[in-house]
Amino acid sequence: MAGSEEVNLIESKTVVPLNTWVLISNFKLAYNLLRRPDGTFNRHLAEFLDRKVPANANPVNGVFSFDVIIDRQTNLLSRVYRPADAGTSPSITDLQNPVDGEIVPVIVFFHGGSFAHSSANSAIYDTLCRRLVGLCGAVVVSVNYRRAPENRYPCAYDDGWAVLKWVNSSSWLRSKKDSKVRIFLAGDSSGGNIVHNVAVRAVESRIDVLGNILLNPMFGGTERTESEKRLDGKYFVTVRDRDWYWRAFLPEGEDREHPACSPFGPRSKSLEGLSFPKSLVVVAGLDLIQDWQLKYAEGLKKAGQEVKLLYLEQATIGFYLLPNNNHFHTVMDEIAAFVNAECQ
């Protein structure tokens, strides 16, 4: 069982930079207010507490953005981020001009939030996507997928799949060198989970995805692992929290052996023999579900898939949101190298 909140806060303060600690502690407080014991969720309060930013066609630090409706029936929206030439200010007619580059990676990004929180226009994810543009010289398409518990499995996967198909069919995203859309999938927490499941659909439909980037991906199972027992409540998250989110997302009556939660469990499809994208799996050593993340990386390896595991021993959840720690710079360098290796 987790210790007292006072002890947990003291422990987390010793390893987390102050502004990151404040950021994630505020998230934890808000999340506790939003979840209800009966499995419902205070969406109105969640939207009020989540600081959002609009798309901005005026370049900021060399990046401009705009929102696109992908599916009017489901109100599926994505925010597109593009590099801007120095000193230019694109007009509305320029937003979907062909990409200007021999090879331009396109990163389809899925935000975190345990399937229930945040959105494509959340300030923290707007900032992260802008960083990815500058880091990789990429176009980033951030998916505003439907959230649980109002929209359970497989809604988030369906939305991710719809955006991937839209990206793949968008001629203005093709690199000049070979007229191909060079697609990467990336996401954190629940977004990392969505990356895996959308990639499986891509393989089955023969849409070429060059790589998957999973930051602290949200996976699980019915057993309690060593890391879940050891880190329960110590660094912002409890096992009880995670259980609530799985109950909110999975089909009613399902347990955590469902393939959406346990991708290499007894009920999941085998990836052996499939042309699955190569993967970069980033694991924080102070994330209580790290054992499930490590099991995921091992599952890819056993299935004969290419995977690079980046294990950061003293990192906590959310370390990649603020550039105030060495782990942030390490993972950003790894992401850039991972993407650039396929864009020579």
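Each Cβ is built from the backbone N, Cα and C atoms, and glycine gets one as well.
On a predicted model such as this, the values are computed, not experimentally measured, just so you know.
The active site annotation in Swiss-Prot covers S189 (among others) and rests on similarity to another entry. For S189 (active site), other Cβ atoms within 10 Å of its Cβ number 25.
D287 (active site) falls outside any helix or strand according to DSSP and counts as coil. The active site feature in Swiss-Prot is assigned to D287 (among others).
Per Swiss-Prot, gibberellin A4 binding site is recorded for G113, S114, Y125, S189, G318, and the stated evidence type is similarity to another entry. Here the Cβ of G113 (gibberellin A4 binding site) has 24 other Cβ atoms within 10 Å, regardless of which shown protein chain they belong to. DSSP classifies G113 (gibberellin A4 binding site) as coil under the three-state reduction.
S114 (gibberellin A4 binding site) is surrounded by 23 other CB atoms, counting those within 10 A of its CB over all protein chains shown. What Swiss-Prot records for S114, Y125, S189, F236, G318 is gibberellin A3 binding site.
Among the features that Swiss-Prot reports, N-acetylalanine is placed at A2.
For the recorded site, Y125 (gibberellin A4 binding site), the DSSP three-state label reads helix. Reduced to three states, the DSSP call for F236 (gibberellin A3 binding site) is coil. S189 (active site) and Y125 (gibberellin A4 binding site) have their C-alpha atoms 12 Å apart, to the nearest angstrom. Report note: the gibberellin A4 site is defined by G113, S114, Y125, S189, G318, and the residues of the same chain whose CB lies within 8 Å of the CB centroid of those residues, excluding them, are H111, G112, H117, S118, D188, S190, G191.
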